[in-house]
Amino acid sequence: MADFGISAGQFVAVIWDKSSPVEALKDLVDKLQALTGDEGRVSVENINQLLQSAHKESSFDIVLSGIIPGSTTLHSADILAEMARILRPGGCLFLKEPVETAVVNNSKVKTASKLCSALTLSGLVEVKELQRESLSPEEIQSVREHLGYHSDSLLSLQITGKKPNFEVGSSSQLKLSIAKKSSGKPAVDPAAAKLWTLSANDMEDESVDLIDSDELLDAEDLKKPDPASLRAPSCGEGKKRKACKNCTCGLAEELEKEKSRDQISSQPKSACGNCYLGDAFRCASCPYLGMPAFKPGEKVLLSDSNLHDA
């Protein structure tokens, strides 16, 4: 039996299931207790009761599962996550499980790659295979009896994984440098600076051809655009012209000017133009005599008597 790197004073958990032979389990526990000594501890736990046992987090240095000779244990994702939880940071998990070498759809037995992925997803690192070997006749019989699985392409895979040296949610102080950084400017290459420098003398030098920006424009570019051409295609369509909200094409101003012209043209006009000022400015024959002054354009109704008198 491999010692799995167990030393004195360590806490070890041994996981077994109904396929584990009792005598083989007892022999394994005795050997582990001899390795851990009086300061260490070996705990034996049934895999079906592991989740209900409520072991404290980070309780064990080593977890062994399915290692008992003759055992054919299958490990679910929940079981693997619980094993990772009870491991101390830096602790190791060793497990053995029958794996399928053929491609079988919806198989309860994992392939080797899927088993490695399951350990990684449970939170373990440095996952690697340790040993592959054929199943013994007793193990093949155990798979059929306890797992109800029949296949001629099974192997026994021993695999290990390590818990990271930190707990989930733990914090660590960052070592930040508080030394004042030099604010010196980078050195400038004189040759490069001279290359990109254009002096006033160069500007007046006739040998230097400078492009006149106005020459880049043709007569068409200098024409003032027609406001109608700037209007949106759908602006003002329909029987009633109406400017859009936040109009920017000029239709709103155009409609406002048309409205002002209509108001001016609709205002009543008099011959002298002074009727609205009051009687002091009205003609002798003005029909508005005797009426108070009014604003220009204000609608004033005249009675029939006033019209006949006028």
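Glycine is no exception: its Cβ is also placed from the backbone N, Cα and C atoms.
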- Message: If I go by Swiss-Prot, the feature motif 'Cx2C motif 2' sits on one of 91-94, 283-286, 299-302. Which?
- Response: 283-286
- Got a sec? Which of these binding-site residues, C247, C275, C283, has the most Cβ atoms within 10 Å? C275
- Composition by DSSP (helix, strand, coil) of residues within the region 'Fe-S binding site B' (272-286): 6 helix, 0 strand, 9 coil
- Task: Would you mind reading off the Cα separation of C244 ([2Fe-2S] cluster binding site) from C283 ([4Fe-4S] cluster binding site), to the nearest angstrom?
- Result: 49
- Task: Using all protein chains shown, find which of the binding-site residues C272, C286 scores highest when you count other CB atoms within 10 A of its CB.
- Result: C286
